[in-house]
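Worksheet: one structure, shown below.
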């Protein structure tokens with residue numbers, strides 16, 4: 001074939017051969033032919049060959065592409081753009097930005113919007129905000145602000161560099177916003193933890209009176225992720241309805257995300273409904289279900305789902321096994337969890353245990369009060385344990401009041417230079433649980449010396465699509481007087497039922513137990529639960545999400561509320577879901 005091309009006068013045949021080439025060896029043969037016949041000098045042929053080599057070859061060989069590009073004496077703008085784009089897809093994106101700057105200095109080759117777009121993608125890949133700012137200035141001076149595609153890429157840069165303010169400014173300047181522009185803004189808000197703004201945007205986009213843009217599958221995917229993060233079940237149902245009404249329900253990735261969203265909002269019945277209504281399921285679908293069952297405390301059901309998946313001939317992925325081991329941990333299924341972990345180590349699933357898997361097993365052993373065994377497992381790991389694994393063990397030390405081991409764990413975290421405010425809070429909890437107030441005072445002084453500030457607790461509850469957030473002693477809510485009055489009434493009713501504040505949850509060494517009980521009275525989840533009882537009809541399920549691990553006192557408070565007020569209370573804290581019903585919790589008082 002190559003020999004026949006050398007004698008052919010038709011470039012079309014050659015271009016077709018370049019486009020259809022399938023591997024590096026084939027492209028090297030074509031390269032040799034182009035050099036031998038001098039066809040490499042043909043700008044069109046060179047562009048096609050460079051594009052195929054730099055952009056289409058899997059795996060890409062950026063070094064070979066650079067050598068070919070450097071042999072071109074007078075590369076055109078298209079040739080340069082191809083290389084800048086290739087660098088944006090490589091592991092050396094900064095080289096693409098350097099080429100762009102070199103191009104800018106060449107007055108005979110003025111950059112076009114494509115050059116700026118590919119250079120921005122190089123900055124996105126490398127996280128180079130300063131370089132992006134320089135390109136933004138050039139876009140302005142070159143008069144490219146009306147290029148919607150280029151401006152959308154600029155938004156993506158600011159979003160990636162966690163500069164949502166400038167991303168929003170760019171969005172406002174885009175003359176004609178399409179769905180892609182909106183989706184980049186959605187992604188920006190999610191990445192920058194402006195999750196509630198995503199819901200506002202979705203409503204605005206969905207109700208656009210001009211009808212210029214409507215949410216597509218990607219928009220719905222991002223909105224569902226926001227609902228999952230916030231625990232906004234009602235809004236998630238609205239997005240689900242939109243998906244069904246607009247013919248998007250057949251998309252596998254949307255169905256998988258719906259299963260995950262409902263699970264993370266504590267609605268496993270809806271998650272099951274979506275899962276078993278799917279026309280096809282892949283390993284991501286099963287993983288979403290298993291992980292959802294795990295975080296909601298349905299360990300046996302998660303094991304059943306895993307075995308069912310294997311019967312369908314679907315092999316698990318790393319995340320699937322993380323969900324499975326987590327399910328065993330959250331449900332106290334020690335024997336089952338160790339059995340699956342041993343099967344992993346034997347190579348049955350062709351997946352070697354990673355840090356996440358070890359973390360789940362440490363959690364499993366810690367929950368079962370097998371702290372020494374958990375510590376031994378960590379010390380025997382083939383890879384170096386990370387801070388998350390040590391924090392998992394530290395959490396178990398807090399629950400079981402093992403001060404000595406807790407102090408050892410903190411020393412490991414300090415050695416990793418990974419200690420955080422939450423670690424010290426766990427150790428403070430451990431000290432307070434066993435009444436070592438002098439240790440609490442010492443540790444607080446150390447935290448002050450190290451300028452370690454604790455993260456404030458924040459609890460959220462959704463009402464008719466609106467998310468209401470509370471912090472401890474919150475007085476910002478417009479209905480604060482009603483909320484505090486309701487909370488006082490709840491406390492009175494719970495006291496009659498036998499509720500007593502768990503004063504070990506109060507980390508300050510106050511003078512009396514009464515003072516400690518008062519200090520615990522206005523924790524954020526209590527305010528959220530009181531608001532839920534205030535504004536919803538009797539029998540309505542109350543769903544609360546919290547950014548931190550819920551304390552023992554608030555956990556007891558929720559148990560009593562579920563019994564006295566005959567409500568199902570679902571609290572999602574940093575570690576898991578707590579389903580409170582009839583005075584009991586699905587976590588069996590271990591979290």
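Cβ atoms here come from the backbone N, Cα and C positions, even for glycine.
Record features (Swiss-Prot):
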- 389-464: region 'Type E motif' (REGION)
- 465-495: region 'Type E(+) motif' (REGION)
- 496-591: region 'Type DYW motif' (REGION)
- 76-110: repeat 'PPR 1' (REPEAT)
- 112-146: repeat 'PPR 2' (REPEAT)
- 147-177: repeat 'PPR 3' (REPEAT)
- 178-208: repeat 'PPR 4' (REPEAT)
- 216-250: repeat 'PPR 5' (REPEAT)
- 251-281: repeat 'PPR 6' (REPEAT)
- 282-316: repeat 'PPR 7' (REPEAT)
- 317-351: repeat 'PPR 8' (REPEAT)
- 354-384: repeat 'PPR 9' (REPEAT)
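Note on the repeat 'PPR 9' (354-384): residues 318, 321-322, 325-326, 328-329, 332-334, 337-338, 341, 344, 390, 392-393, 395-397, 399-400, 402, 405, 408, 590 of its chain, located 6 or more positions outside it, place their CB under 8 angstroms from a CB of the stretch. Proximity of distant same-chain residues to the repeat 'PPR 5' (216-250), defined by a Cβ-Cβ separation under 8 Å and at least 6 residues beyond the stretch ends, is recorded for 179, 182-183, 186-187, 189-190, 195-196, 198-199, 202, 205-206, 257-258, 260-262, 264-267, 270, 274, 279, 460, 462-465, 467, 543-545, 572. Secondary structure by DSSP for the region 'Type E(+) motif' (465-495): 16 helix, 6 strand, 9 coil. Helix first, then strand, then coil: DSSP counts for the repeat 'PPR 6' (251-281) stand at 22 helix, 0 strand, 9 coil.
When averaged over the repeat 'PPR 9' (354-384), pLDDT in the model lands at 94.
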